[in-house]
Ligand SMILES: O=C[C@H](O)COP(=O)(O)O
């Protein structure tokens, strides 16, 4: 990858209450070391508070989903314009929890990524295989199929987004992919991105997510084509998240 900072993004998922969220953001914002790009993707109701708290710090704010539609009659959805108003820089799209619970197809995920880009946000596009798919030797095929509609967005779009590889069997299980397993998938993703974006694909940040902890982060981040991490559980503890940020330098 080019010499840019690694990117470490916390995904709080549906955790927290207002008071806890405020304290956690303050602790993390105060401790972010230089030499890493860091962000927290928080639940929608906390975006305004968190944006205010990180203002003037090195910590960026993101959301966990966005509608693929412009403003309109879409009950329960949140538009990219709304996220931008609340200071979001990043938005996660296609997290496996949404693919599974909300039947989000890869085409819908790519449409969300495109919408995020139109609104000036950086989409973090998640892909990842189920355990059964890995055991059947289908990992790279699954990732390739999930990425295909995103690749179709074209070179310019690809250079403005982030991809996160999150093996579903490693999410919240304490069972991380090995560095070799992650690097194999990241290498395949880089090759696919190069086919569309040429050498510019080397600047597209590829994150690994799935039970990243302070103890495992440094080894993972040393892996080839691993440009940072998407952190779930460990982003709910300031010390752990900051240690992971430190490991990314
Ligand atoms: O978005 C984050 C991932 O789902 C990883 O979650 P985890 O670190 O709790 O395994």
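Cβ coordinates come from backbone N, Cα and C, glycine included.
The annotation in TrEMBL ties 11, 12, 13, 211, 232, 233 to substrate, and of the candidates under consideration, 35, 52, 172, 187, the one tied to the same site is 172. 166, 172, 211, 232, 233 are the recorded positions among 13, 166, 172, 211, 232, 233 whose C-beta comes within less than 6 Å of an atom of ligand 1, given in sequence order. The number of other CB atoms found within 10 A of the CB of residue 233 (substrate binding site), across every protein chain shown, is 19.
Within 8 A of the CB centroid of the substrate site residues 11, 12, 13, 172, 211, 232, 233, the other residues of that chain are 15, 171, 231, 234, 235, 236. Straight-line distance linking the Cα atoms of residue 211 (substrate binding site) and residue 166 (active site, proton acceptor), rounded to a whole number, equals 9 Å. In this structure the C-alpha atoms belonging to residue 233 (substrate binding site) and residue 166 (active site, proton acceptor) are separated by 14 Å.
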